[in-house]
Amino acid sequence: MNIQVLPEHKLSSVAPLKQCNVEKKEVELILVKDQNGVQYTNSTIIPTARETWGKKIDFLLSVIGFAVDLANVWRFPYLCYKNGGGAFLIPYILFLVIAGMPLFYMELALGQYNREGAATVWKICPVFKGVGYAVIVIALYVGFYYNVIIAWSLYYLYSSMTAELPWLKCGNSWNSINCTDPQHINASFFDKNTSYANNKFTPASEYYERGVLHLHESKGIQDLGLPRLELTLCLVVVVFILYFSLWKGVKSSGKVWIDAATQIFYSLGAGFGVLIAFSSYNKFDNNCYRDAILTSAVNCITSFVSGFAIFSVLGYMAQKYNMDIKAVATDGPGLVFIIYPEAISTLPGSTFWAIVFFIMLLTLGIDSSMGGMEAVITGLSDDFKFLKRNRKLFTFATAFGTFLMALICVTNGGIYVLTLLDKYAAGTSILFAVLIEAIGVSWFYGVDRFSEDIEQMMGFKPGLYWRLCWKFVSPVFLLFVVIASTVTSSGLKYGDYEFPNGANLLGWGVAMSSMLFVPFYAIYKFFSVRGTFTERIAYCITPECEHHKVAEGNVRQFKVRKTT
């Protein structure tokens with residue numbers, strides 16, 4: 001038997017076997033082809049290669065697709081208008097530079113170097129593994145209601161395939177006796193406390209709330225009713241699309257300041273575990289610094305462009321009904337399922353434009369939802385190997401589980417549940433998770449060591465700006481935003497309906513259910529290791545590959561640097 005050593009380039013996509021970044025090893029018999037046929041090497045211990053993206057563009061499009069979502073269309077333009085227009089861009093760009101991009105870069109580098117999902121990536125500092133579980137839970141919560149919004153888009157797409165759009169006129173079976181033709185509406189139709197945007201009696205508004213949601217059949221969040229058949233079928237289609245896109249893996253697939261900060265993190269997607277999951281499938285020497293700059297820029301430019309598109313439509317509506325633009329400006333589902341469809345219905349070739357618009361909503365929603373589900377699947381399958389061995393079954397179970405939980409949002413009062421989840425599931429909790437993540441990487445694992453990891457991948461260390469942001473600026477900023485968002489939180493409302501106190505308490509329970517993973521896991525980790533108090537602390541904050549040094553009393557974090 002001839003013995004042949006594999007050339008180095010054969011393992012180019014596998015991380016170098018040095019420091020802590022060593023993947024689990026197994027014994028394999030390597031086949032090597034040459035001109036003389038097939039030769040067998042001896043049994044060789046090699047690292048098992050993690051699946052990687054088929055092409056670099058697949059990764060970039062997946063990250064951009066996740067980051068550019070419905071929030072770019074229905075949230076950013078309205079926040080910009082509500083908070084002073086151009087004045088809003090000052091805190092928005094500031095927070096993008098000092099927090100959004102640095103933490104986006106951090107997550108890409110963290111996942112790419114360690115080649116793990118959101119939970120197991122904390123082998124670098126085990127006490128913070130609860131952060132990984134927290135972001136996985138948040139991603140699940142968001143998936144519960146985000147898929148419902150995609151199902152609404154699918155329903156609207158199907159309804160658009162008619163000669164006359166169903167929300168154009170009154171007189172349909174779902175309309176009330178108060179339905180008012182838009183031609184009879186102008187500025188004098190409203191008093192100082194109402195506006196066109198919150199008028200419930202236009203054909204478009206009644207189609208959304210009465211024809212699609214059947215909201216008039218619910219008395220509030222305590223009166224949900226049964227799932228609507230049409231929306232349930234649309235939800236089934238969405239879940240099947242997600243499953244067949246993911247089952248094979250990645251190869252197939254002041255208040256102004258608080259608003260600006262929340263929009264940055266929600267839009268860029270830091271803190272959901274998705275960036276860590278996606279980047280963990282990169283080749284080890286991929287330039288994630290360039291990727292972070294590129295994708296952040298594309299996301300923000302998309303927000304600006306969508307703002308121009310949205311407000312051109314709102315301006316058209318305001319001129320059409322002879323009223324101020326503030327009367328038609330709104331955000332959230334009301335913008336994309338009421339105001340925008342109504343504007344489209346008045347255009348020549350309205351059916352075509354409606355189909356194009358709702359296809360756009362579908363694509364924006366689907367790739368973002370795929371990212372969230374991939375974060376859950378990668379995060380848990382990396383932690384529990386039996387799930388990785390049965391990825392298809394686990395993907396199906398995850399998709400089916402989100403479907404079952406989403407059914408509550410396609411009931412008559414489902415919009416109330418969706419509104420509650422939208423506010424509490426990924427608001428303060430996602431900011432808290434990113435804050436703890438930044439502290440764990442920068443202060444416990446260490447900025448210097450993290451910079452050395454990046455140098456090992458790309459051949460250069462991050463500049464002083466990035467290191468200062470990671471260690472000081474971003475954590476302080478996030479701490480301020482978490483406190484401010486908690487203190488300024490108010491009771492939940494949907495239109496004129498005010499949620500009962502019990503619903504707000506339930507919402508905070510949803511938020512806490514993810515955040516509590518951080519302290520609970522830290523306590524569990526401390527008591528699960530053996531040794532003295534100091535040794536337990538050392539085991540908790542020392543990378544798993546260096547636990548042998550704890551027994552030797554050689555703990556890097558306990559050492560004081562001496563200057564000469």
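Including glycine, each Cβ sits where the backbone N, Cα and C put it.
Keep in mind the model is a prediction, meaning the values are calculated, not measured.
According to TrEMBL:
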- Gly65, Ala67, Val68, Asn72, Ser267, Asn299, Leu364, Asp367, Ser368: Na(+) binding site (BINDING)
- Cys170-Cys179: disulfide bond (DISULFID)
- 59-77: transmembrane segment (TRANSMEM)
- 89-110: transmembrane segment (TRANSMEM)
- 131-158: transmembrane segment (TRANSMEM)
- 225-244: transmembrane segment (TRANSMEM)
- 256-281: transmembrane segment (TRANSMEM)
- 293-316: transmembrane segment (TRANSMEM)
- 323-340: transmembrane segment (TRANSMEM)
- 352-372: transmembrane segment (TRANSMEM)
- 393-418: transmembrane segment (TRANSMEM)
- 424-447: transmembrane segment (TRANSMEM)
- 468-485: transmembrane segment (TRANSMEM)
- 505-524: transmembrane segment (TRANSMEM)
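Feature annotations (TrEMBL) mapped to structure.
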residue : record             : Cβ within 10 Å
Gly65   : Na(+) binding site : 18
Val68   : Na(+) binding site : 25
Cys170  : disulfide bond     : 19
Cys179  : disulfide bond     : 19
Leu364  : Na(+) binding site : 24
Ser368  : Na(+) binding site : 25
Task = Looking only at C-alpha atoms, tell me how far Leu364 (Na(+) binding site) is from Cys170 (disulfide bond), rounded to the nearest Å.
result = 30
Query = Which stretch from 89-110, 323-340, 393-418, 468-485 shares the most C-beta pairs under 8 Å with the transmembrane segment (131-158)?
reply = 393-418
Task = Could you check if the transmembrane segment (468-485) is in contact with the transmembrane segment (293-316), meaning 3+ Cβ pairs under 8 Å among residue pairs at least 6 apart in sequence?
result = no
Message = If we skip the immediate neighbours and take only residues 6+ beyond the ends of the transmembrane segment (424-447), which ones have a Cβ under 8 Å from one of its Cβ atoms?
response = 103, 106-107, 110, 122, 124-125, 127-128, 131, 134-135, 138, 141-142, 144-145, 261-262, 265-266, 270-272, 467, 470-471, 474-475, 478-479, 481-482, 485-486, 489, 507-508, 510-512, 514-515, 518, 541, 543, 556-557
Query = Which one, 225-244, 293-316, 352-372, has the most C-beta pairs under 8 Å toward the transmembrane segment (393-418)?
reply = 225-244
Ask   = Any chance the transmembrane segment (293-316) and the transmembrane segment (89-110) are in contact, meaning at least three CB pairs closer than 8 A with a sequence separation of 6+?
value = yes
Among 59-77, 225-244, 323-340, stretch most in contact with the transmembrane segment (352-372) (C-beta, under 8 angstroms) = 59-77
Ask   = In Å, rounded, how far does the Cα of Ser368 (Na(+) binding site) sit from the Cα of Cys170 (disulfide bond)?
value = 35
